[in-house]
Amino acid sequence: MTSHLKKVELHCHLEGAAPPALTEAQARKYGIDMSEQLRDGAYVWHDFASFLECYDKVSEVYKTEEDYALLTETYLDELAAINTIYSELIVSPDHGKRIGLGADAYISGVCEGIRRAKEKSGIEARLIVTGERHFGPDSVIGAAEYAAKAGNPLITGFNLAGEERMGRVADYSRAFDIARDAGLGLTIHAGEVCGAFSVADALDAVRPARIGHGVRAIEDLDLVKRLADLGTVLEVCPGSNIALRVYPDFASHPLRRLKEAGVPVTISSDDPPFFHTSLEREYALAAEAFGFDNAEIDAMTRTAIEAAFVDAQTRKALLARL
């Protein structure tokens with residue numbers, strides 16, 4: 001049983017965490033037909049293309065600053081209820097612009113949701129601003145500049161997400177230079193859709209502290225050793241990897257092999273309701289599917305706190321809560 005364990009999440013996309021019940025209420029509020037994407041309280045998709053369509057449709061029902069405050073508060077409340085003490089949320093200021101809300105109002109709403117949730121439960125949260133590969137290097141540089149100039153204490157990291165097959169990591173290295181110079185923590189999606197080479201590219205071009213997913217590194221044992229030697233932390237999302245058919249089943253998933261090879265690994269949920277999972281389920285899977293005992297799971301949570309993009313005082317306080 002892992003329900004009593006303290007939990008930490010480093011890899012979760014905010015819009016991808018939208019609870020179906022809240023999305024349904026939002027759709028009614030705005031008169032948006034979600035019948036193709038939401039049935040019997042669950043999101044519906046059948047392949048990667050329809051997953052993206054469903055994700056975009058869900059995002060349509062969150063339009064205002066208050067909508068984003070409510071979304072953030074609701075998800076963090078869910079996390080707090082399962083003993084989560086810290087969450088990093090991946091957010092896109094570009095998304096705020098695209099929906100006509102604006103980056104500042106979008107981020108302001110999310111920050112208000114964080115404030116409300118913390119007031120109730122004490123849960124800590126930070127924001128990881130992401131650029132999206134499929135919009136090209138200039139867009140990603142813009143996201144990095146936004147994060148660097150925001151002066152927002154809750155924005156503590158920078159990420160690159162989106163279609164992994166769009167260009168090489170080096171095409172986006174300028175954005176990471178901007179974020180690094182601003183003192184932001186660096187993480188990057190790699191080694192999910194694409195193979196081990198994408199993880200090697202990320203290490204060469206970005207030198208990130210963490211990698212989102214990174215599990216395909218297992219296909220190159222020299223790369224696995226490099227990750228272990230560098231201490232690069234992987235934000236592993238097993239339920240997501242199975243749902244998107246990166247691996248056919250948990251028996252073939254490399255989480256345990258990576259950990260046993262000395263790679264620092266952590267557990268996250270990615271886009272939980274879309275993959276019919278949750279952080280609670282991911283922790284349970286660590287025990288049930290991968291055979292980790294509670295001490296090993298606690299060690300992964302400690303790794304997550306040590307790798308969190310927070311100041312020393314917050315890190316010390318989080319470690320004290322384990």
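The backbone N, Cα and C atoms fix where each Cβ goes, glycine too.
All chains included, 22 other C-beta atoms sit within 10 angstroms of the C-beta of Glu192 (active site, proton donor). Among the features that Swiss-Prot reports, active site, proton donor is placed at Glu192, with the record citing sequence analysis.
Taken from Swiss-Prot, the feature Zn(2+) binding site covers His11, His13, His189, Asp270. Under a cutoff of 8 A between CB atoms, and with a sequence separation of 6+ in the same chain, the neighbours of His11 (Zn(2+) binding site) are Glu88, Ile90, Thr187, Gly212, His213, Glu235, Cys237, Thr266, Ser268, Ser269, Asp270.
Classification of Asp271 (substrate binding site) by DSSP places it in coil, neither helical nor stranded. Contacts of Asp271 (substrate binding site) defined by a Cβ separation under 8 A and a same-chain sequence distance of 6+ are given as Cys12, His13, Gly16, Ala17, Tyr55, Ser240, in order along the sequence. According to Swiss-Prot, the substrate binding site annotation covers Asp271, on the basis of sequence analysis.
Swiss-Prot lists His213 with the feature site 'Important for catalytic activity', giving sequence analysis as the kind of evidence.
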